Amino acid sequence: MRLSNALVLVAACISSVVAKTRTFDFDLVNTRLAPDGFERDTVVINGEFPGTLIQVNKGDSVRIPLHNKLTSPTMRRSVSIHWHGFFQARTSGQDGPSFVNQCPQPPNTTFTYEFSVAEQSGTFWYHSHLSTQYCDGLRGAFIVYDPRDPLRHLYDVDDESTVITLAEWYHILAPDATNEFFSSGIIPVQDSGLINGKGRFNGGPLTPFAVVNVRRGKRYRLRVIAISCRPFFTFSVDNHSLVFMEADGVEHDPVEVQNVDIYAAQRVSVILHANQPIDNYWIRAPMTGGNPDRNPNLNISLTLAILRYHGARHVEPTTVNVPGHKLLDQEMHPIRQEGPGKLGDGPPDKHITLNIAQPNAPFFDINGISYISPTVPVLLQILSGAKRPEDVLPSEQIFFVPKNSLIEVNIPGEGAHPFHLHGHNFDVVLASNDDTFNFKNPPRRDVYPINGGNTTFRFFTDNPGAWFLHCHIDWHLEAGLAIVFAEAPEDNVSGPQSQITPQDWLDLCPEYNAIEPEFQ
């Protein structure tokens, strides 16, 4: 264990933890990696995939100098990073989406992200939010420990060894894949699936699978993160039950299951009791999304890792998967019912219906309009005085919502789209493919899939800012499947919730606009 991580975990065991500012230096570089045995150029943090693991405690602030050292002319050289799941109260400019919250950061510059995790804790992640850049490798885990976790009695071990990332991997570079997608209308198909940055593809070398080490009798909190651009994963461990306890940074009532579906950008914590005979067991995360007929390299069942008991031989498992109970939305109930969502079966203050269509494939429309990024970030336009949709350019997919209001969003079913709301969690009061509203104790998340049935969620506008709502299949976002909420515009400019705007954030747009297109 690295010393810095050990100090974080020791602090997490002390009830009187003092909030600290923790600094993580990020060098963003192009390097050649072969996570599945096929070597290719990448865009990665500190030369590794997944990127550097961030571990902090509840109440901490983070300071992350991002040194953009990208040089490859075959991939995007500017960048922005989204810190997925954090509310960013008063720091909407640090949220990361290009042209919503900031201009991209040019190459050969340093920009420092600074924000507080405040009262949030749980499992988060970070990734590029410029075009489809994170599909080239810029993605990593971000964990916030709670020294007073009300479910702490359920597990013994919760450290860097129990963080599990699920990803797909492409042998083609993201800009080339995007161009092919736009010209053919066919979404790119991944070559392999990775667990903790390791995997295999059909006909490729037998690269070692990742190993999660356990000791018999201990209970492990596995923090499982889908850092994928497209597919979802069905996570299970052979011969072991799992106790679900967290979704997207929100702790829920414990539920015993055998497997969990985890969509792009979703996170779950599950407790694994190492109570089986000392041996090796397959950790499985087969992918849904991506047709092997379109890419012979792909074997969706090769998304594997090894659970290895202390004392077991260092060999691959021979265990067999036995299907069992899958976690259901109807079983997910937050342990706390206070904000940011406001529950109740009364009418919302504002109702919004988002109708998805694809009349001009591969591009998507919402209510007849495809999202196109503005040239000036939405947040900057709000801070410059925009108070109505007609004040923003382009204005078509900007939804202005007043402060302290209950917003209800209804999305009629149209394909499998994991929608992510920035700046908030939301309460899923009508789950996809369900016909019963739950206003008492619905799941609370920041990513939820629209799976062919009407989905309705509610959130409360207590956090002024510019907040993206978009499909987290990155190819779909690039094809226009998004809107932006401009929340409480006047409160962004002045008052106790006004935005903090550091000088280096204000400098981003002039710096970006001054560089040649090839460096953008």
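Glycine too: its Cβ is placed from the backbone N, Cα and C atoms.
Record source Swiss-Prot places Cys509 in a disulfide bond whose other cysteine, from Cys103, Cys135, is Cys103.
The Cu cation 3 site in Swiss-Prot is built from His422, His470 plus one of His127, His129, His153, namely His129.
Record check: Swiss-Prot places Cys471, His476 at the Cu cation 4 site, and the matching candidate among His417, His420, His424 is His417. Looking at Asn108, Asn454, Swiss-Prot tags one of them with N-linked glycosylation site, and that residue is Asn108.
With all protein chains in the displayed structure included, the most crowded Cβ environment within 10 Å among the binding-site residues His84, His127, His129, His470, His476 is that of His129. The distance from the Cα of His420 (Cu cation 1 binding site) to the Cα of Asn239 (N-linked glycosylation site) comes to 33 Å.
Working note on the binding-site residues His417, His420, His422, His472: by count of other C-beta atoms within 10 Å of each C-beta, His422 ranks first. Comparing CA positions across the recorded positions His84, Asn239, Asn492, Cys509, the one lying closest to His470 (Cu cation 3 binding site) turns out to be His84.
Put simply, of the recorded positions Cys103, Asn299, Cys509, the one whose Cα is nearest the Cα of His422 (Cu cation 3 binding site) is Cys103.
Taking the centroid of the Cβ atoms of His129, His422, His470 as the Cu cation 3 site, the other same-chain residues with Cβ within 8 Å of it are His82, Asp95, Gly96, Pro97, Val100, His420, Phe468, Leu469, Leu477, Ala482. Long-range neighbours of His82 (Cu cation 1 binding site) (same chain, six or more residues apart, CB within less than 8 Å of its CB): Asp95, Gly96, Pro97, Tyr126, His127, Ser128, His129, His422. Cβ packing within 10 Å was compared across the recorded positions Cys103, Cys135, Cys471, Cys509, and the lowest neighbour count falls to Cys509.
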